[in-house]
Amino acid sequence: MNLLSVLVFSPLVAGLIVLVLPASLQSRYKYVALAATILQVLLSVLVWVRFNPSLGGVNNEHTLQFAEKLSWIQLNVGGDSRLQIDYFLAIDGLSMPFLLLTSLVMFVAVLSSWEITTNLKGYFALFMLLDTAVMGVFTAMDFFLFYLFYELMLLPIYFLIGMWGGVKREYAAIKFFLYTLFGSVFMLLIMVGLYFSVQDPLTGDHTFNMVHMMNPANYVDGSLFAKFSGQLLLGIPARSLAFIVLFVAFAIKVPIVPLHTWLPDAHVEAPTPVSIVLAGILLKVGGYGVIRICYSIFPEAALGYAWWIGLIGVVSIIYGALNALAQRDLKRLVAYSSVSHMGFVLLGIASVTAEGISGAMMQMISHGFLSVMLFFLVGVIYTRVHDREIANFRGLSQLMPQYTFFIMVAFFASLGLPGFSAFIAEAFSLTGAFKSAGVNGLIPRWMALGGSVGILLSAAYLLWTLQRMFFGQLRLSGGEPWRLLLTDVTIREKIALVPLAAMALLLGILPGVVFTQINTSVLDLVKLVNP
Amino acid sequence: MNALITISVLAVLVLYLGLYKANKALLPVTLLGLAVALFFTINHWNVFTGPTFNDMMSYDNFAVAFSGITITSTMLILLLSKGYFEKISDHVAEYYSIILFSLAGILVMVSYHNMTMLFIGIEIMSVSLYILAGIRKQDFASNEAALKYFLMGAFSTGFLLFGVALIYGAAHSFDLEAIKMHLETNLQTGQAISPLFYTGVVLMAVGMAFKVGAAPFHFWTPDVYEGSPSLITAFMSTVVKTAGFAAFLRLFATCFYPLHDFWMPVILVITIITLFAGNITALYQNNFKRMLAWSSISHAGYMLFAIVSLGSEASYGVFVYAIAYSAASIIAFAGLVLMQANTGSDSFDSFNGLGRKNPFLAFTLTVAMLSLAGIPLTAGFIGKFIMFSNALSSMHTWLVVLAVINAVISIFYYFRVIVAMYFKDAERAELEIPLNFKVVLAISVVATILIGIWPAFLPNVI
């Protein structure tokens, strides 16, 4: 059995164990989940160590690593056509870092699930199912398989928000579900179109293999998505339309302005662990999809729309930051800061330079750790007093000194203080954006400038919040009862927070840890997109 | 062939059992007989040599596949009926035998090779259904359903028969193969095809659209489905609908295929109206049974895809879709019957809090709703996937885009059940689920998920 398969399906096994354990053991379910995530962290560290950074992957099947390919669905559907769908898992530099990110985030999310008290069996089973789906998305190399895992992520999140969420949970859950589904059903159509256009060079069957889709030579002459067939679809060149549809599907997940409105609602209503997973991993699925599918399969369309993608990135950065500035709910503030920070990912990708794409990858990983830390910290307050209005707290640093320390680390790291991962990530994305005008002329310099303004704004909203909530005289709207409830961070919370802070610091000081692993793949991707 | 005889004899036998007051033996005997019929059907697979009975019937793989689905679905529905008909009336044996007669008609409908047989099959099925719809003699809604169904059904049969007559006038034959030959030779030699023929095709399309409940000929569906006893509704919306599509597909895929360019736009328009009418109206229902009725109209729209984009995969598409749809509907109706029996209501609110009290039933209903909505890893997704890829490969891009929008709309109303079961709390008593329900639910759920994960499990039998 392949290492990736174990990584993908071990949580599922844990979920099934939770399901069959009797209800009398329900206080133990969380330990099963915890064990599964610890195992996953160990496995992904093993993958990290055994990963060979000199192999690029991307559009070359021979340099993909840990590959496992089994024939899965081979349907003879009458006539000469045969449905060829493979169970094809593999990774390259573009997906490998996400495995470690996912397993760490899941570990933290399970630790923060201690606050969940109702219907534990359902909760942990769904959580483990979600874990499997996310791991599957990052490792699948067959479009059909990718799509299945992508859709499989939706249901657990839907139930997790809907059953364990806040007051308006029903609305938030269905909004999240419909937004994402709306993007992905159209993705399904493009996927089928690609399937009819691409042939496996060995067997001659149509195939869903993504690597084959990236090679223009595998397209059937004159087919819908063949590069030079010039087919129109609904009046637009087919390949451009396909790129737009796929981009929108993933951009909803990222999310971009103006398709971001599900995010604040989902975050506010979701319980802390779900917020953690949403911010830490699911947003990255969007960015990963843009790189892996939109850019790799439709490179020329990507170049054509680079200006627009850059613009969307800048608008998201600034609009998200301005919105964060105006929020009164701490969790909403963090949610909007996510929108802002994910804008850098798009800006970096749009530049199609090695710096920009490395920066985007780094930003996704860094934001993965930092947003998880932020949401976890918000959850700490919320579980204690069930309130997170910024105005209701003041001078918390006197009451919770250790908590304030972690908040300061998270805030300063997020606003791009040198020495932390976000600084490296944003600096690289912006460098790429600056450089692009001179190298390939894809995005103008003012977009990079706009991105820098975003950093400034993020300093404004984070520092202002710090000032309002943590400094000054201790004043709580809940009075004495709150003062007793607001105890400092516990050991369990520290176990979750310390690795996150350590990762942010480590990646800030030694960014090479990530960069060396992804460099070959990033260069290959740049070469593929802009030869 | 043997299956048809078995079922007909079985129906008479069941009547005699009723006569001798052997009410306990009714269900086992019926199920046993259907199992034998199923065995004969499967045994017939891949031994097709040509039409039989003076070219009246043709038991090809298509017939085998659809007979298989309809017999299996009937068995599952009858398994749910233990103790159900007894509550309605004393004449239990009659119901079993009427359902069996209807099934015999269905078997003729899926295997005809001559338009007279199509007519006879549809009539045997329909007349039985008129009685079944009005089975609750004292109930006003049931009477209304029966009358409505009868009037509408008579109309549609009239259209169908008129179409058959006109086509006979043009092609001088009732035989599918002969009609097709007539079309092909005329098209090849450039001879004009009689206008009678075109009119006949349209009339037959209208008649068939009536029978499968496609818009704008769908108005009888919600009322009839709502008024009939729930198990009869289950039978109508799964078995009868599947049979209707099999007959529709056989007629248009084999016989009228050469005139594809002529009738395709007609069916295309019907498909689009059906999708929107079914889905949008279903959104506004507050009652589970009526929602299922409207959703069954929208599913008719998806199945019409196969006829719009006739390709090599059309029959296979309908085959998979029909299985997925039947399995999910049977679960939904089983849930409905349980809910009605226990709470006397079937509004969405009566499902509140079911997730906590009856986790198994709630889980199976969730799987059914997800499958009907076409969410991946359920059979419904595979069905829609095959339908959509079929339509895309024949370049009906707009149709697929509209269908996808409809699929998203349908999420709203299917998820209302899930929302009620899991997200809304209510004080309620646990529903009692008899063993036979558990068995049917388990079989259907396993089939739904198995086909969703591993579609190759369903071999391409056609």
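Cβ coordinates come from backbone N, Cα and C, glycine included.
Predicted automatically and left uncurated, TrEMBL annotations should be read as such.
Matching B:5-23, B:62-80 against TrEMBL, the residues noted as transmembrane segment span B:62-80. Between the transmembrane segment (B:398-423) and the listed ranges B:92-112, B:118-135, B:147-171, B:291-312, the one holding the most Cβ pairs under 8 Å is B:291-312.
When each of B:25-42, B:147-171, B:318-339 is checked for Cβ pairs under 8 Å to the transmembrane segment (B:435-457), B:318-339 comes out on top. If you count C-beta pairs under 8 angstroms between the transmembrane segment (B:291-312) and each of B:25-42, B:62-80, B:92-112, B:191-210, B:231-250, the highest count goes to B:231-250. Taking pairs at least six residues apart, the transmembrane segment (B:191-210) and the transmembrane segment (B:262-284) share three or more Cβ pairs below 8 Å and count as touching.
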